[in-house]
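Report on the following structure.
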Amino acid sequence: SQRLLLSQVAGCTLPLVAMLLLLLSLLLSPQGCSARYDPTWESLDSRPLPTWFDEVKFGIFIHWGVFSVPSFGSEWFWWYWQKEKRQPYVKFMETNYPPGFSYEDFGPLFTAEFFDANQWADILKASGAKYVVLTSKHHEGFTLWGSKYSWNWNAVNVGPKRDIVAELATSIRKRTDLHFGLYHSLFEWFNPLFLYDVSNAFKTREFPTAKSLPELYEIVTKYQPEILWSDGNGNAPDTYWNSTGFLAWLYNDSPVRDTVVTNDRWGVGSICKHGGYYTCSDRYNPGHLLPHKWENCMTIDKWSWGYRRNAQLSDYLTIEELIKQLVETVSCGGNLLMNIGPTHDGRIDVIFQERLRQMGDWLRVNGEAIYGTKPWRNQNDTVTPGVWYTFKPKEETVYAIFLNWPISGTLVLGDPKTIIGETQVKLIGHKGQLKWVSLGEKGMTVAVPQLTLNQLPCQWGWTLQLTNVK
């Protein structure tokens, strides 16, 4: 076929020949022109972040596991009870469970009888989120899939007797446009192999070789997640975990090599320094623009990632607080990953459902100021507090999202500079153009319409669409 193609171009003009030869070289080269990455941070960090991740802006985190059975205090229940022996946890067990009851005894009680992956997918879709990250395995070591490397401590052998990861992945992909992702803890609190390596100051590598790395290869190959959210380094360096070796395979040869996105939790010293995007710390919200793509992973429950039966209403962030988190995060170039914790029997509690649907309601009105935007030259207004900016370069549109409705009837914006005869201002969700007055180099004043509560486009934050401003 190569000789045939060359013979056919013999009589062509030189530019056409060159183009055909270039096409031939692309067809004959493996993987086209895809770059390959060495197992070094310098090489891995040079990989461009797949563009889809920056465009989607908003995702849902799901912390679900055996810790959802006691559902008391925190998803770190086992550690706080057995290792740190914190009094509230010790007392909780002494009061409610028989002597000798172990954490492993919670496994069969993780029943998931009400888990309906289709229902979950519909709830997540209604939230306006564009990706979801499920805890495939937390620090307790229990896998939500039937892992070959977690014998008798997984959701197929114990408890639900179901492949939770497979069910949710299938429903998400069939019923929504969300990108499906998996969280995976590198270490396990009480795994004997890990404790052996700890006792040897990580000079041995029994645990990552036999357990953690095989699991990672298994979930990527089997479920093809587009986000791989690593966590829990166990105070061990990335060399112990062979993180760079695994990521080189993930980026070069895995089934998701072109689309997968990774975070920065791959061993001591990697957080906020290496990986696809930075998380830096839980609930990270710097309030200013960062030079590298980042994510604010946070919880609706202020005190726990897993479900808590003892939570009070005041423990949950309000929808106003959640929208503020989203707007601040996106304005500063980040994504918001908002966490919910289902119950042991597989329900998304109604308080979480309400918050998710409220976010979806808000995004249905204001989504154009969130999805696919870029940070503007100013992230928040220098004159009026509670005003945050996003930007769409192609449309040359600036969005001013204001969290407090001005009782004066006017909103002063100190940063957009108007162009007389060209600048237009619109309240998203409300018909017609708004009137404005130029303040020269000091910005502009916008007259917001006098609306009743029922006439407001939404209840908890509003967006001005500004076109032809400097």
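Start at 1 and count along the chain as shown; that gives each residue its number.
Each Cβ is built from the backbone N, Cα and C atoms, and glycine gets one as well.
Per TrEMBL, domain 'Glycoside hydrolase family 29 N-terminal' is recorded for 34-368. Taken from TrEMBL, the feature domain 'Alpha-L-fucosidase C-terminal' applies to 379-467. Summarising the annotation, TrEMBL assigns signal peptide to 1-35. Annotation source TrEMBL lists site 'May be important for catalysis' at Cys297. Look at TrEMBL and you will find 59-81 tagged as transmembrane segment.
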Contact set, same chain, for the transmembrane segment (59-81): CB under 8 Å, 6 or more residues outside the stretch: 88-90, 92-93, 103, 106-107, 109-110, 124, 127, 129-135, 137-140, 142, 144, 159, 164, 178-179, 181, 183, 189-190, 227, 297, 299, 303-310, 335-344, 356
Cys297 (site 'May be important for catalysis'), number of other Cβ atoms within 10 Å: 25
Summary of DSSP states over the domain 'Alpha-L-fucosidase C-terminal' (379-467), given as helix, strand and coil counts: 3 helix, 36 strand, 50 coil
